[in-house]
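Listed in TrEMBL for this protein:
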TRANSMEM  12-30  transmembrane segment
TRANSMEM  50-68  transmembrane segment
TRANSMEM  89-110  transmembrane segment
TRANSMEM  188-209  transmembrane segment
TRANSMEM  249-271  transmembrane segment
TRANSMEM  277-303  transmembrane segment
TRANSMEM  310-326  transmembrane segment
TRANSMEM  346-377  transmembrane segment
Amino acid sequence: MKFQFDRKYLKISLYAFFTIALIILFSLLISNFSDTVAFFEQIFSSILNLFRPFIFASIFAYFLFRPVRWVESRIFGSRIKKEGVRRAFSILTIYAILFFLIGLFFYFTIPRIIRNISDLITGLPSYIEMFQEFLMEMQRSGKLNALGISIDIERFGLLENLLEYSMSFFKNTQNTIEEVLTSVINSAVFFTSGIFNIILAFFITFYILKDREELFESMRNFFYAFFPSKTIKKGRNFLRLADQVFGEYLVGNVIDSLMIGILCFLGLLLLNIKYALLISIIIAFSNLIPYFGPIFGAIPAIILTLFDRPIKAIWVALFILVLQQFDGNYLKPKILGDKVGLSPFWILFAITIGGGLFGVLGMFLGVPMVAICKVILSKIIRKQNLKKKLGK
């Protein structure tokens, strides 16, 4: 008797087999969750290390594309007729300017920053003594009473407690600074070990920028071969929107923070502040984060000034307040305008969620990400409302 297959029951059996196999596999993964996570992390890390030069190159190419295009059209456009040579010269020109600016930054700022940090660490005991004398003078002159503080510091032994607390605090601060410096050194060693990836990334960036039309055409043919035209059109619109929001926001924010850093440095030099460069760099970097950034930058700036000249900390606080008001009400609107189109609530939402998930980088990139999501959702909502109106 010839055995006959019943395709229906065979199909059901295969579904049942694969379902049971998946359940068993899932239960094994759950029971060894930590090992599973470690395994996938190792795989992800290996893939990331393999593609790291290409990731760096893509980021470099994105930021250098506009400057290269400007140099190619404005400077070499009428001087060099051959397109390939013109573009290569444009890329090399931008590279030369970029490396010159990086070298200039390291030459002038890094030694001063190291010297500022070194002076800060070695001068902590004298700063404590100066602060102690400052409090005593404030008490003797009656200025504490004028400020509404009527506590007798000597009577209640607050000065000794303050000194003991300050010594403990600054000792911890010194240890923290030393740990930070150690971390910086370790990071520098890690960076040096990965310098090959950076150099390779710049070579890859050169060819991405030089042959960008051919690369885009290859990507276009690939996507049209495997995806519907409608999906590709939506993807192109999304990338165009992301490029517009990210490009304008990131470049505008960097320019704004750079200008604020320069203005801060000049103002602190006029006030004769010892750690002017270090404070200005802190202010410039913290200014990249909306709303909370100025607060994050002002606190260490005031503390650093308090170490050197307590009375000048008030002037520094006032100067930073005026500078941030100038930036928020005039400079940043002039540079950025309303690029992201978000209300203060959504900006705070983006900073909070982005910071909670990805730290400082998330606080910086959260705003343009939420702005993109808002534009996409607005388009979807408008489309759905239009469908309902047409349906009626």
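Every residue gets a Cβ built from N, Cα and C, even glycine.
Nobody curates TrEMBL annotations by hand; they come from automatic prediction.
Taking Cβ pairs closer than 8 Å, the transmembrane segment (249-271) reaches residues 66, 277, 279-281, 283-285, 287-288, 312, 315-316, 319-320, 323, 327, 331-332, 335-336, 339-340, 364, 367-368, 371 in its own chain, all 6 or more past its ends. At the 8 Å Cβ threshold, with sequence separation of at least 6, the transmembrane segment (310-326) comes into contact with the transmembrane segment (277-303) through 3 or more pairs.
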